[in-house]
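> Sending over a structure as structure tokens; questions will come in a sec.
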Amino acid sequence: MSGDSERTVAPGVVPAPCASKVELRLSCRHLLDRDPLTKSDPSVVLLQQAQGQWLQVDRTEVVKSSLHPVFSKVFTMDYYFEEVQKLRFEVYDTHGPSGLSCQDDDFLGGMECTLGQIVAQKKMTRPLLLRFGRNAGKSTITVIAEDISGNNGYVELSFQARKLDDKDLFSKSDPFLELYRVNDDGSEQLVYRTEVVKNNLNPVWEPFKVSLNSLCSCEETRPLKCLVWDYDSRGKHDFIGDFTTTFAEMQKAFEEEQAQWDCVNAKYKQKKRNYKNSGVVILADLKLHRVHSFLDYIMGGCQIHCTVAIDFTASNGDPRNSCSLHHINPYQPNEYLRALVAVGEVCQDYDSDKRFSALGFGARIPPKYEVSHDFAINFNPEDDECEGIQGVVEAYQNCLPRVQLYGPTNVAPIISKVARMAAAEERTGEASQYYILLILTDGVVTDMSDTREAIVRASHLPMSVIIVGVGNADFTDMQILDGDDGILRSPRGEPALRDIVQFVPFRELKNASPAALAKCVLAEVPKQVVEYYSHKDLPPRSLGGQTGEAGPSSAP
């Protein structure tokens, strides 16, 4: 186990649909003490293996001067039952602010396992190992996993306090608050730790968000415990007081504008006859949010409208030649048809009229045979929609002998066209229609600057762009459009609001079944739909039943 493991950005990997999400909570015991005058200031780095290399995923906060830290930072991960997801936890004595770099930090030990092992055990404790597999003394790390797939809510809380006890001789207390959930076995699980407010007996702590699952295991009557401490830089925090409540009590008290609790120190209460409290803790704000799922929106009546855009540039080869990517063989569908049918048959189940807009680009089209980068392949500019995916297939096959393959490979016009439809939908202020643009192309786009600009604008709209690269061209430059490796920016430097592009080289999936192909190509769409409507704060139109006829009869 090495503390200086090489970390690289994982290349774009097409994920499979995830079975569930899990939260990981960490704590350590008996850490090595690397500081000569004080105790270690530990933090934990989480890494995940991707294609044989370790990718740094996240890092906990630093717990000052502690050899037995309990971290409040929660790692949320997608759990794939069918994959071996290798994880590495590395513990460091942190010098300076907790960032992504561990270069100047002292390695205290690490542990490798799989996410499946953690999930299966729910609570896993392992020894920490130094380099070459040596034990790091008696150091251990404990990882607790919780499934949050069924939870669709979170709460925003804001606490403040008044007239806290002064624990410092020459200044006022430096208070912070810890919120714990009481488990069924009586143990206490740290939910959140606030920041420290320096030199203040009437602190106002920053608001924070926490899932209902984390807060109370989605049981509103589960006991919660709040403790207030006076911060000590050496880790010997002074206890000010605590109180016990429930989330149900919090909500009721907040609604009645009586959300405050005596902060009580039990030792003082026993010793002092007139003791009342060590201050008062006030719940200044409580906001309960529901996080809607992809199926919430679909079952609420949101339609998925699919537009197909096909590359008719000359680099595909003469369709009359059997080597052409556009060659029609009645016994062996070409790559365009395979990708088109696999994706289209899934998408049409989410659109009540099952009509697809079918467009082409990069060809000379009749009657004047001028180059067009946005034409209806049914040659009806007034209505470019086809009946079902089979209608698109027929229009494609009928179109081939009527056009002259030409170029260049410009896709920005079609992205902008679909974006205009999505913009009209956005103005309705409802979660009623989401647009998917499926672009099938045999090469790198030639209008990259315009395409980046169009995608950045489209990232603000209810739409996603899926690009399938057919053939054996070098598609390396296309990865820039997929935001997995960083934030896509327009030529002017404007960042995309969200990642809406999924690029898939067909050759990596050509031996996959149509169902597997569709799952890979559409893997990111549910997340993108939820991200858009969540950002706009738009709930599903109807949670009680569907307003349209479409339904998830074949969920991707």
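For all residues, glycine too, the Cβ spot is worked out from N, Cα and C.
Quantities reported herein were computed from a predicted structural model and do not represent experimental measurements.
Features from Swiss-Prot:
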- Asp168, Asp174, Asp230, Asp232: Ca(2+) 1 binding site (BINDING)
- Asp168, Asp230, Asp232, Asp238: Ca(2+) 2 binding site (BINDING)
- 135-262: domain 'C2 2' (DOMAIN)
- 305-504: domain 'VWFA' (DOMAIN)
- 536-556: region 'Disordered' (REGION)
> As a quick check of your reading of DSSP, tell me how many residues in the domain 'C2 2' (135-262) are helical, how many are strand and how many are coil.
14 helix, 62 strand, 52 coil
> Specify the count of other C-beta atoms within 10 Å of the C-beta of Asp232 (Ca(2+) 1 binding site).
14
> Take the Cβ of Asp230 (Ca(2+) 1 binding site) and count every other Cβ within 10 Å, whichever protein chain it belongs to.
21
> Could you round the CA separation between Asp230 (Ca(2+) 1 binding site) and Asp238 (Ca(2+) 2 binding site) to a whole angstrom and send it over?
5
> Which site among Asp168, Asp174 has the most other CB atoms no more than 10 Å from its CB, taking these as binding-site residues?
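Sorting the candidates by Cβ neighbours within 10 Å, the top entry is Asp174.
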> So of all those binding-site residues, Asp168, Asp174, Asp232, which one's Cα sits nearest to Asp238 (Ca(2+) 2 binding site)?
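In terms of Cα distance, Asp238 (Ca(2+) 2 binding site) lies closest to Asp232.
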> Near Asp238 (Ca(2+) 2 binding site), how many other Cβ atoms are within 10 Å of its Cβ?
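The answer is 14 other Cβ atoms.
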> Give the sequence-ordered set of same-chain residues, not counting Asp168, Asp174, Asp230, Asp232, with Cβ within 8 Å of the centre of the Cβ atoms defining the Ca(2+) 1 site.
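In sequence order, the nearby non-listed residues are Lys167, Ser173, Pro175, Trp229, Tyr231, His237, Asp238.
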